[in-house]
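According to TrEMBL:
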| type | residues | note |
| --- | --- | --- |
| DOMAIN | B:5-223 | domain 'Cytochrome b/b6 N-terminal region profile' |
| TRANSMEM | B:39-67 | transmembrane segment |
| TRANSMEM | B:96-114 | transmembrane segment |
| TRANSMEM | B:126-146 | transmembrane segment |
| TRANSMEM | B:158-179 | transmembrane segment |
| TRANSMEM | B:191-214 | transmembrane segment |
Amino acid sequence: MAHNQDGNQKQVHYVGDSRVRVNSKEMLPPDYSQFPGKTEQFFPDFLLKEWMVAAVFLVGFMTLVMAESPPLGDIADPTNTGFLPVPDWYFLFLYQLLKYKWAAGPFISIGIIVVPGLLFGGLMLAPFLDTSKERRPLKRPATTWIAILSLLGVIGLTWAAEAEHVIQVSSSSGTPAKDKKIVAEQDKGYELYKKNACIKCHGDKLQGVQGPPLLGVGDRTKGEDEKLTRKDIEHIIDNGRGAMPAGMFQGSEADKQVLLNWLMQQKQK
Amino acid sequence: MLRAVYKWVDERLDVTPIWRDVADHEVPEHVNPAHHFSAFIYCFGGLTFFVVMIQILSGMFLAMYYVPDIINAHASVKYLQTEVAMGTIVRGMHHWGASVAIVMLFLHTLRVFFTGSYKNPREFNWIVGVLIFFMMLGLGFTGYLLPWDNKAYFATKVGIQIAESVPFIGSYLATFLQGGDMVGATTIPRFYALHVFFLPAGLLGLLATHFILIRRQGISGPL
């Protein structure tokens with residue numbers, strides 16, 4: 001066996017009977033005596049205190065988990081053309097970038113190679129681009145400014161994506177109805193609908209003319225997984241939305257409720 | 001008794017140096033929040049690791065119920081969330097944990113960047129860190145599809161369209177991700193495998209490298 005303890009200094013020592021050399025040098029961590037101050041043993045002193053940070057963090061995290069149950073929409077339906085796709089929030093900046101004309105279509109390489117390449121390439125190669133010894137951010141203004149501007153850019157794009165998505169969701173005309181029949185044609189609600197301006201924009205058969213079809217508004221989703229409620233419709237009628245002007249309904253409050261009742265009956269599925 | 005067992009194991013396996021190596025190092029004052037409250041910025045890295053652990057543990061439990069195919073994926077998530085005891089909480093931890101992990105990772109990156117800690121001699125560990133960031137984004141992207149609801153499906157479709165528009169390799173990339181020419185039956189098992197085997201394996205390897213390098217080089221000094 002190569003393993004020997006006979007004190008022959010010259011002989012190489014191996015671990016057991018393998019050819020791996022015994023590493024007599026301990027793997028000593030760098031010495032912190034160069035940093036004056038109260039250094040502390042990692043184990044157990046520091047770790048015992050660090051648990052507190054983890055515990056506080058965990059409490060906050062579990063509070064979030066308990067407060068908001070994770071969303072689950074309807075099962076994926078590839079034929080659902082009205083669905084507005086939205087990636088998880090940390091991809092929004094890229095998603096938004098590719099919507100701009102100068103970064104899409106013929107210029108797609110700008111949106112998909114040049115800008116992300118500069119961003120992530122710059123991030124990756126930061127140690128080789130900023131090779132000065134100086135570590136304080138204020139003492140290396142170029143690096144700091146580039147970083148802050150890129151950061152603002154990413155935040156701005158994310159914000160723009162989110163804002164645009166909110167607008168799109170609120171003005172999407174929901175899922176188009178598959179069935180093309182008006183529910184309860186004899187209802188007084190339909191009379192009111194015809195008497196008011198609604199019919200000009202939404203059509204005599206609710207098929208939609210200048211406005212979106214109202215067939216099936218009764219169980220329509222707005223954008224993602226939320227239902228378009230009676231309250232929403234009332235709000236649209238009172239205040240208008242997008243290209244639909246406010247105050248299109250002329251009549252008593254009671255009549256408006258009749259119209260709303262009838263609209264909510266329009267369920268096609 | 002415990003001591004005797006430890007001694008028995010230690011005589012044979014010589015475990016003392018291994019854990020001593022992890023335990024015996026000094027934590028300098030400038031990173032210790034007990035001395036300077038502002039040093040809490042040095043906690044982000046550790047907290048990221050903590051969230052990654054939460055993700056791995058909650059993910060292992062989710063995998064007990066999740067079925068990666070187009071017919072059962074959505075139903076299994078729904079079942080998990082509505083029928084299984086604590087199902088909502090475990091899925092909630094994994095769902096929100098994904099976002100929190102990205103936030104923590106981002107804060108950690110900012111801390112390292114603005115304290116200039118990526119500089120000589122730590123260039124290599126910075127690169128490993130950026131690769132960890134990419135792995136986490138990959139995990140986020142592949143995990144988003146798995147519940148197979150409309151949001152998941154359409155977001156993935158858009159994501160793959162973006163991948164497809166990469167010059168030259170785009171169409172290969174899209175075919176690889178979809179496992180065919182559309183997002184469908186072959187995509188879910190593929191994303192699932194990436195999400196639970198390939199990417200976590202890569203992530204753990206990178207994390208190990210990250211930590212070994214930190215032990216080798218120590219934490220960067222005060223500004």
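Backbone N, Cα and C define each Cβ position, glycine as well.
It should be emphasised that the depicted structure is a prediction, and the values quoted were computed from it without experimental measurement.
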The transmembrane segment (B:39-67) vs the transmembrane segment (B:191-214): 3 or more CB pairs under 8 Å: yes
Contacting positions for the transmembrane segment (B:158-179) when only residues 6+ beyond its ends and CB under 8 Å are counted: 141, 186-187, 189-191
Close approaches to the transmembrane segment (B:126-146) from elsewhere in its chain (Cβ under 8 angstroms; 6 or more beyond its ends): 55, 66, 68, 73, 77, 98, 101-102, 105, 109, 112, 118, 152-153, 155-156, 159, 183, 187-188, 191-192, 194-195, 199-200, 202-203, 206-207, 209-210, 213
Positions on the same chain near the transmembrane segment (B:191-214), where near means CB under 8 A and six or more residues out: 49, 52, 56, 59, 63, 66, 68, 122, 124-125, 128-129, 131-132, 135-136, 138-139, 142-143, 145-146, 156, 177
